[in-house]
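Visitor: Below are the structure tokens for one structure; questions will follow.
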Amino acid sequence: MSKKSLTSPRPHAEALEPGSAGGPVPTSPPVSYQLDHVAACNLPTPWAVFRLHAFVDPASGKEHLAVVLGDVTGPEPVLARVHSECLTGDGLFSQRCDCGAQLETALRRIADEGRGMVLYLRQEGRGIGLVNKIRAYQLQDAGADTVEANERLGFPADMRRYDLCQPMLKYFGVQALRLMTNNPRKVQALERLGITVSERVPIQVNRNPYNEGYLSTKAAKLGHWLKDKLEG
Ligand SMILES: Nc1nc2c(ncn2[C@@H]2O[C@H](COP(=O)(O)OP(=O)(O)OP(=O)(O)O)[C@@H](O)[C@H]2O)c(=O)[nH]1
Ligand SMILES: [Zn+2]
């Protein structure tokens with residue numbers, strides 16, 4: 001690591017507005033996002049051939065994805081996951097968290113039903129960015145928990161925003177979600193945006209020796225609904 005980054009007073013976060021500091025829901029008013037739908041293609045996976053849609057936020061240049069199966073337009077609630085980017089878990093098989101297993105489970109469940117969507121939001125590391133998440137992991141390797149590590153780096157526990165779900169759901173004509181999550185603040189944040197969450201579907205997978213502490217801290221400090229027993 002360079003001397004400059006070691007002495008940086010506050011690591012630079014991603015270009016997202018700060019949300020709740022691990023509190024109940026983001027307190028700042030929802031931002032009205034204009035997302036551009038740029039392109040769509042087939043996405044063959046082991047479970048189904050999805051449609052992959054690329055959106056761009058013109059203000060920040062940030063790219064977001066929707067992975068869609070079947071006809072999601074209309075009043076029938078859509079089985080959905082709002083997934084925050086985790087390169088280490090989603091792409092590098094990291095066992096430090098449950099993200100990769102949750103993403104796979106969500107896609108598999110949607111394939112089983114033949115209808116649903118994953119909104120893949122590019123807010124890595126709960127909004128602090130990839131390098132800062134690795135800084136946080138370094139602090140966790142030295143004994144901090146996931147919340148303490150963020151705070152020691154000068155960040156709130158969770159900087160994510162969900163405002164950009166609105167234009168994505170509007171694009172597809174989705175009216176209500178059956179949301180796969182264990183995060184009560186995610187449900188509250190979406191409902192605060194006027195998005196109907198008709199059902200919260202638990203998605204508790206891949207508890208292992210490497211993420212045991214991480215999951216316990218999420219339950220204790222971030223209020224996640226996590227029970228000891230895992231689902232399939
Ligand atoms: N800052 C930080 N971010 C992390 C850490 N572990 C995972 N993440 C990020 O956390 C996000 C996933 O959030 P989680 O808190 O695991 O889960 P959630 O999306 O709030 O809730 P679920 O819907 O139940 O999965 C991704 O953006 C990960 O990159 C960590 O130790 N520190
Ligand atoms: Zn993760």
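From the backbone N, Cα and C atoms, a Cβ is placed for every residue, glycine too.
Small disclaimer: the values here were computed from a predicted structure and weren't measured.
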Visitor: From THR73, THR146, THR196, grab the residue that TrEMBL records in the same GTP site as ARG81, VAL82, HIS83, SER84, GLU85, GLN102, GLU124, GLY125, ARG126, THR181, LYS186.
Guide: THR146
Visitor: Under 6 Å from ligand 1 by C-beta, which of these recorded positions make it: ARG81, HIS83, ASP158, ARG160? Sequence order, please.
Guide: none
Visitor: Among HIS83, GLU85, ARG126, ASP158, THR181, please name the recorded positions whose Cβ is nearer than 6 Å to ligand 2.
Guide: none
Visitor: Return the count of C-beta atoms lying within 10 angstroms of the C-beta of ARG81 (GTP binding site), excluding that atom itself.
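Guide: Around the Cβ of ARG81 (GTP binding site), 24 other Cβ atoms lie within 10 Å.
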Visitor: Which of the three DSSP-derived classes (helix, strand, coil) applies to ARG160 (active site, nucleophile)?
Guide: coil
Visitor: Just name the winner among GLU85, GLU124 (the binding-site residues) by count of other CB atoms within 10 A of its CB.
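Guide: It comes out as GLU85.
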Visitor: Tell me, in order along the sequence, which recorded positions from CYS86, CYS97, ARG160 have their CA within 10 Å of GLU124 (GTP binding site).
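Guide: Cα filter at 10 Å returns CYS86, ARG160.
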